[in-house]
Structures are given as C-alpha cells and as structure tokens.
Amino acid sequence: MTPLNVLIGGHQAVLVFFILSGFVLTLMLTRGGGMPYGPYVWRRVTRLYLPYITVILIAAALNVELYHGRLPEFGLWINQFWHLPISLGVLLNHVGFVGPFNTDQFDYAIWSLVHEMRISLLFPLLLAAVLKLGWRRSVVAAGLLSVAVTPLYHLTIARHPNVATSLLTLHYLLPFTVGTLLALHLRDVQRWYAARGRTERVVLAVAAVVSYFVSSLPQTLWGLDTPMILEWLALPGATLLLVFALASDRVGRLLAVQPAPFLGRISYSLYLTHPVTMLATLHLLHGRLPVALLPVIGLALTVPVATLVYWAVEQPSIRLGHRVAAWTSRRPGLEAG
C-alpha cells in the first residue's frame, strides 16, 4: 500500500458502481409498468454474464500462451496473477460465476462482479423490502446488516474464505439499497439539491471528495485491511457524487462532454478487460522492450481493447437480452417456470 492508493480509490469506485446498479435496476423494475422476473433475469444474465465469460475464456487462453514465469521487476502484486495451474475445475468455477472461487486467477477485477450478479438475481426482493420499510428503516436495516457481518467476515476470511465472500455480498446490500432509494426518491433529491445555496453546494462537494478519497487512509497508513470500514467512510462521498450527477445541471453538462459519454458506454467492457490487457501486455513484451514502457503500452491499449469488446461482445449481448426478454414476456408459461 502506498499514498497513491488514496488517489486511485479502487473500492470507492466499486461503491459508486454498486449504488449506480441499485439505481438503474430500480428504474428498470418500476418504470413503464415494471418488468416480470423472468425477462428481468434474462436481461441481467445476458448483459453481465456473456461479456464476462467471453473475456474470462480469452484471459485463460492468454494465460496459457503468455505466462512463462514471474516478472521480477513488478513486485508481488502483479506476480500473484496468472501463476496458478489451470484445470477443468478452475474453468468450471468461473463458468458457474456466482459461487465461491478464486476471482483473481484470470481477471482480478471480477471480484466485485460476482457480488453484483448475486445481488442482481435477488434484487426484486431487495426492492420489495425497501418499498415495504421506507427509506429510514431500509437504511438502518442495511446498515445494521453490514455492521453485523463485519466481525463474522474477519472470523472466516482466513480459514473459510468462501463463507467470507458470501458475507461480503450481504455487506454490499447497503450501497444497492442507497441506489434504490436514490431512484425511488429522485425528484425529492433533485428538489433538495436545487434548494441548496452556492455555499452549501461547495461544502457538499468538498465533503464528497474528502469522504471518497480519505476513506483509504486507514488502510494506507495503518494497514487496516477491513473493506467494510473503508466503504462505510466512502459511502457518503460516493452517494453525494451521484447526487451531483443526477441533480446538478453543471455536472450534467460536464458529463455530456466527450469523452465522458463514450467512456460511459464502454465502461463495463473497460472494467472487464483492463486487467487482462495489462497482464497480457506485461507478459508478452517482457524482455523485448524496456520495462518502463510496458505499463505505458498496457494502459494505452486498455481503451482500444475495451472498445473492440464493446462492439463485438457487449452490444450483441445487450441486443440478445432484449430479444429474449421480449420473447419470455410473451410466453407466461416459460416465465413462470
């Protein structure tokens, strides 16, 4: 851990991703008369799973082809990836996806996607609970659940990591709940923001940035390896950043300027492919080019590779999901089954 972690904010970005997922899924299930569970699941599976499994199979093939040993110049963190033996069981675990498995073996970004898929499959139940409880009791319930699983997570992470990852999924119900509430009360949030004066908005912006980035300090300075604490500290900042995006005309105009819309469109493909692109670049070019150039080349390739995967895999998956969802909507017998 270095001070750079304060600026990078990986877990904070995941929180934004989860809040945004709760927001989008709520709109999907509540607007336009709602959506039955069958079509909803088909759309989520095709939207998330098909690009995921495509990238994982490509990553496994690149792992076999390109890995020839450690990269001594890049330290322990990079060298923990791609060095494990590949078996049929490993591949089947990745195909199964929502069960417990080593998410770092081929693509170190997918750990959060596993939680995303688990919660997505049960999200209609979460939405129903939030609608039943109201916003105050929903936040309290999700917060208490997050606090309750924290000691259990630490008791199980060393000897029973599979149990620990399931507990982590329960913890991540909290940001999904926040996203759900933002969607259900969007007009109220926008009116609340519009009523703030300029000074109040500046204070909120500073508070959001401080919460978002300073949340890494306990881990960076003291090695406190507790994701829950980092994410509790970052949650207000991540929520406020989304409030600004949803309610501020100025932020909305800024987000409409390229390349922000383009990066937003390819963001899922970028999320999936950037670790694979970096690892493949390092292992392919190591010993052939100066070491200092390798991360630069890998970084430069991330957006082009993500764009290719977006057009070749993600877009067709989205279209397939819409077609299958429409088909199952017309077949109530299949949907019920």
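Every residue gets a Cβ built from N, Cα and C, even glycine.
In TrEMBL this protein carries:
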type     : residues : note
DOMAIN   : 8-311    : domain 'Acyltransferase 3'
TRANSMEM : 12-29    : transmembrane segment
TRANSMEM : 49-69    : transmembrane segment
TRANSMEM : 81-102   : transmembrane segment
TRANSMEM : 108-131  : transmembrane segment
TRANSMEM : 138-157  : transmembrane segment
TRANSMEM : 163-182  : transmembrane segment
TRANSMEM : 202-222  : transmembrane segment
TRANSMEM : 228-247  : transmembrane segment
TRANSMEM : 292-313  : transmembrane segment
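The transmembrane segment (12-29) and the transmembrane segment (228-247) are in contact, since at least 3 Cβ pairs between them lie under 8 Å (pairs 6 or more apart in sequence). Contact between the transmembrane segment (108-131) and the transmembrane segment (292-313) is absent: fewer than three CB pairs lie under 8 Å, with pairs separated by 6 or more positions in sequence. Beyond the transmembrane segment (228-247), the same-chain residues lying 6 or more positions past its ends with a Cβ under 8 Å from any Cβ of the stretch are 9, 11-12, 15-16, 19-20, 23, 146-147, 149-150, 153, 171, 174-175, 178-179, 182, 186, 189-190, 192-194, 204-205, 207-216, 218-219, 255. In summary, the transmembrane segment (292-313) does not lie against the transmembrane segment (138-157): fewer than three C-beta pairs, each 6 or more positions apart in sequence, are under 8 Å.
Listed by sequence, the residues of this chain that lie at least six past the ends of the transmembrane segment (49-69) yet keep a Cβ under 8 A from its Cβ atoms are 82-83, 86, 91, 94-95, 97, 106-107, 110, 113, 117, 268-269, 272-273, 276, 279-280, 283-284, 309, 313-314, 317, 320.
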